[in-house]
Amino acid sequence: MLDISLIMLGAGNSSRFELPVKKQWLRIGSDPLWLFATKNLSNFYTFKEIIVVSKECKYMSKFAPNYKFVDGGETRQDSLKNALELVSSEFVLVSDIARPCISSELFHKIIEAAAQADCVVPALKIADTAYLGENAIDREKVKLIQTPQLSRTTLLKKALSSGEIYTDDSSAMRAIGASVWHILGDEMARKITFKEDLVKISALKAPENELFVGSGFDVHEFEKGRPLVLCGEKIDYEFGLKAHSDGDVALHALTDAILGAAGLGDIGELFPDTDDKFKDISSIYLLQEAYKRVQSVGFVLTNADITIMAQKPKLSKLKSKMEANIAQALNLSQSRINVKATTTEGLGFVGRCEGIAVMASASLKFYNWTQI
């Protein structure tokens, strides 16, 4: 058995995907695409190391604590160089997380060809007429290069150290005189780049119909001379709430609930009160940015429930406006948002009119890419 490590490249921003969710976080069943693609390859072979390159290493490690995670670079090549620093095996197999349908047949053809060259590459032929600019070219000479690509580790490290930019491993290997062997690729191994490419994974399992629930709690004390804002609604009252931001304690609790349901930490981690750029910032903005983060990793909000505990001011007549503000900010139906207001019957710091406390809960489900 060959000594091989696996590198999965997944540090892209999905800028061409044009959906709120990054493609690496589309769910196949309950697994995100990057994990599904990695498990798929690891089912075919016992790798010395499995290394995933990402810009979300801390979050990804929750899903696969036995993998190694490496921060991505500015380019694919930078990302690969970062990952290669952890590789000590004789061979390294490099693939993209956006190729979830690599077959066992293709994989084993690559491994079996290892003795043929320093780098083994799957490539597709083209059936259509091809042009380069205004000139027709011989399509028999055109190859569409795919991954995974198998290389000798020492040679690939050398190839990438030159400073030249290459779009795949085989190009770098060829540039240093290493031998490259092409095998026939597989249509199912085509890369998902655009949302229209989702048809390529239409045979895979749709996202599980799971529900994820998070809770949030926050407290702010009253402060003279500040405006009072709750759920994005400015309220006529003699006190505002002491805070680094605009002090919207209700939205802070809701933001924590949404982040918690996705396992993404809390509002203080995303928007620390030690950062001056968040000074007096609108909590509507913070909520929207947090929700974008939640959407990017494959979730959508199904409903939210907020309980505001305030002895004063009276809020019952403002609840519908508060719900509408949240619904508009998150582009949801108001029927998905519920705001309640209560007192503590004169008990505690809320009862003494020293501040306001809020509890919130939120539920999320997976983004359903099969309905696009």
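Quick reminder: no glycine exception, Cβ is built from N, Cα and C everywhere.
As annotated by Swiss-Prot, divalent metal cation binding site applies to Asp218, His220, His252, with the evidence given as sequence analysis. Taken from Swiss-Prot, the feature 4-CDP-2-C-methyl-D-erythritol 2-phosphate binding site applies to 218-220, 244-245, 266-268, 271-275, 342-345, Phe349, Arg352, supported by sequence analysis. Among the features that Swiss-Prot reports, region '2-C-methyl-D-erythritol 4-phosphate cytidylyltransferase' is placed at 1-211, with the record citing sequence analysis. Sequence annotations record features per position, and here Swiss-Prot assigns region '2-C-methyl-D-erythritol 2,4-cyclodiphosphate synthase' to 212-372. What Swiss-Prot records for Arg16, Lys23, His244, Thr343 is site 'Transition state stabilizer', and it gives sequence analysis as the kind of evidence. Among the features that Swiss-Prot reports, site 'Positions MEP for the nucleophilic attack' is placed at Arg139, Lys191.
In this model, the region '2-C-methyl-D-erythritol 2,4-cyclodiphosphate synthase' (212-372) carries an average pLDDT of 96. All protein chains considered, the CB of Lys23 (site 'Transition state stabilizer') has 27 other CB atoms within 10 Å.
The Cα of Lys23 (site 'Transition state stabilizer') lies closest to that of Ile267, out of the binding-site residues Asp218, His220, Ile267, Asp275.
Rounded to a whole number, the distance between the Cα atoms of Arg16 (site 'Transition state stabilizer') and Thr343 (site 'Transition state stabilizer') is 49 Å.
Just so you know, of the binding-site residues Asp218, Asp275, the Cβ with the fewest other Cβ atoms around it within 10 Å is the one at Asp275. Figure note: comparing Cβ neighbours within 10 Å for the recorded positions Arg16, Lys191, His244, His252, the maximum is reached by His252. In this structure, the recorded positions Arg139, His220, Arg352 were compared by how many other Cβ atoms lie within 10 Å of their Cβ, and the smallest count belongs to Arg352.
Here the candidates are the recorded positions Arg139, Lys191, His244, His252, Arg352. The one whose C-alpha lies nearest to that of Arg16 (site 'Transition state stabilizer') is Lys191.
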